[in-house]
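Among the features that TrEMBL reports, active site is placed at H436, S438, H578, S580. Residues or ranges marked as domain 'ZU5' in TrEMBL: 313-446, 447-588. Per TrEMBL, the feature domain 'Death' maps to 780-865.
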Amino acid sequence: MQKMAELPGLRDKCGEGTSGAPALAGSCLVDNRLNLDVYPDGCRRFLQLFKEQRGDMVQVEFLRLSSNDRLLGTTLGSLPHLKHLKSLVLKGGHARDEFGSYQRGSLTSLPPDFENLRCLTHLDLSFNRLSTLPSCILRLPSLRVLLVSHNSLVTLPEDFGCLNKLTFFSAMKNQLRGLPQSIGELSMLQDLDLSENALEFLPEEVGNLHNCTELDLSGNRLLRIPDSLANLKSLRRLHLHSNLLVTVPASLARLPSLSRLDLQNNCLRAIPAEIQTSPFVHLRGNPLGETEPSLQAGNCTASAAVVIHSCISSGSFTVTSEGCKVVLACGIHFYFPPGAAPDPLRIYFRSLAPDPQWVKLRHHDVLLSRVLELQPHGVKFQQEVQIWMPYVSPQALHHHEVVVRTFSGQSWSDLTTRVEQKRKSKNHVAHCSVLHFSWFLVVSRLVQNECKVPTEGTLLFSSVDPNIKVIFPPGVTKEPRSVKLQVLPVSAEEIEEITANAGCRASPLLYLSQDSLVDFLKPVRIQLPLPPGVTGLNLDRSRLHLLHGDLEGQTWNDITSEVVLEFTHLYAVFEVTHFSWYWLWYTTKTYIGGIAKKVYERLRLYQVNFIALQRKKDPEQVLLQCVPKHKVDPVLKKLQDRYRGPEPSDMVEMFEGEQFFAAFERGISIDMDRPDCVDGRLSFIFYSHMKNMKEIYVTSPVDRKGQAVKGQVSFYRGAVPESIPEDASRRRKGPDSLWLATLPIKLPQLKPRWDENPGPLYGFSFPPLNLGNAETGYLTQANLLSIARRVGADWQSIGLNLGLTYQQIERIGYNNREDLNKQILDMLFSWAQQNSEDPECVSKLITAMKESGRQDIADEVEAIIELGRQKYSESIRRVGLEQESSPEDSAVATV
């Protein structure tokens, strides 16, 4: 930002008494702007300046104060004397309560003489405790922008329409139940945000807002909208998502300027054909064309509403007593039967990357999905809610089954799950029913058989191998207990490959568990098949060993001499009183426990290769991926048209859920402020059926001097899962054992960066831009230029996903034909200028990049926003305000 001249005599006063903050003090009063909301005693400073330098203070045109300040009430009396004041910000949210939530300010009203601020055009009273709009606001003749979001307003004054110069009004996150008819008199209003209120109806006069270009009514309780909205000929964006709309007027599709109509997350039972076929209407994930098999069977009543939601990673929707079906863009489906929620209930969802610190996989488990969090936690539904979760189809996982696993806050448990296949897409979904919401994920586990053991005894056998049986005699327990059985068959070829000994054979691996800590009162009889090629006729009993493993499979003891082994022609039978792992081995080796431990460990390892590819059109964009060995060729074939690079690395072995790092070396570096960057290295978690892929832009920190840079990327082991054997963990420690592989990376001669050119670019002259809002952070013009240089040939699909029409895309392409850079800049900045006042535009940009297959740019945008927040937090910490400031309040990223 260009540095402005300072008012004389105020710079030192503003910074007085604040050690270690000379830079902040210097920017406290710049030109006619006074920013005191970053200080815990900003009001005291204002009063001191007003008393000692009143002649200079009355010239202030822009003032920011925190309404969390305890001296705010005293300060309000002095503000009407600032006759030249044009912009006043009295926001709360600068302090947190004991639970970490941002506290609203103490402002409940304004003094009557505020109407003396005749020059005031911008007033921000967000994050306060206003229950009614102060009447003095209605007598501010120059007011153009009014923000009262995050307050407790229940209604607006009847004469609210007297603010006839108002162009922007935001009252989001209040408790408004209705609007005055005079709102239609705001003839100059361009942007109206009434989202997250309690509106149940709109007056017909809303249709008189002829200059309105954006209207946000999302997150209310609207059952219908007036037909008069069709009169808003200037309207470009209409947000109606997260309401209770049953239908919408077809006339909305004929609005001449409309480029976006968001109807997601409603109770739409009928969608007019004109709405469905309009290109600007957002109904992604519309379930009307595809119904889940179980719903077709009659589980979904005809009266149930359909809720459509296109948010991928997070969002919310409302469930009423009528019930509904909810479809998320990521493929997750819900069915709430009528009566499941007796009162309207807001459901919040998030899709999370699995963190191995709390997503605990059991032995031989395979992760098949991301983590789905549903809130509110602990609320019990009156009827079971059905959930369908898509998952990655498991490959080469024999003797496994797919289940949905849920986390209670203390432990994970598996739900009764039915696997279904979508009719059209052929994708698989895991279907379960729940009464409570928490965290959910899909895993593939060893097939599990279970039974309830009564006092009179019972029989349990394996569905994988019916010859494996567990017999519970009468009197085995006093109280009924649950028993679970899992079996892992191990082929003779696997045993021979791992042990390098053709004479070793082993039976299927048997795991038994129970829900009681007490041993059985009587011995339990177990039948296991003899190892392959061994029968009761040719059996050499000196070579047969029965092994018992602990729960983690780290210790295997030979218990052959401790039990009575009986043999038939095909089976071995023995008795035990407690449960764990059991394995029957046939070998001439003496130290069989160590061999079994080695084999068991190898059965849990995956053979993988690393790939490092560079985009053909932009070599600075690097794709890194860890791929199971059998998938390498298909993955490379899929990527070969867009990427080039060296051959995959040599094969290495990794556990499910194991951490590894990628480090760029020898003259190549990455953005160290990325959230997934640890000590300069990219962090990965290996899951055999997930993508394990990241795209990142690399740079050279040294001057290339017209030469290419020949660098490399190396992969290193990180933290290992807690459940792996100690020996395997020990082998992964030490400087020599961490390295996995190294692949070459070559950066060509550096081209001039767009954002390093101080003049107009390619004939374009761009106005200053700050996209976003104070709570989520901003993207600047420099950030957009940095993003633009990485878009490449994907600009058209990105533009369409940003909401530009096909006609706009074609016009941009024609006007800048034969110049890809101009096309990209024209598209991106055209969209940015149209959406510069949209507080959600940054999240929309991230979503558009993901939908266009450019996860790398989406990650970069998120990193820029996060970096801006970090820089703001650091500036706050330098003046000792770490515990009282709100990083989200005003984060501007400048990277």
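Backbone N, Cα and C atoms are what each Cβ position is placed from, and that goes for glycine too.
All features noted in TrEMBL, drawn onto the structure.
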residue : record      : contacts (Cβ under 8 Å, 6+ apart)
H436    : active site : H377, G378, V379, K380, F381
S438    : active site : E373, L374, H377, T406, F407, S408, G409
H578    : active site : D519, F520
S580    : active site : Y511, L512, S513, H548, G549, D550, L551
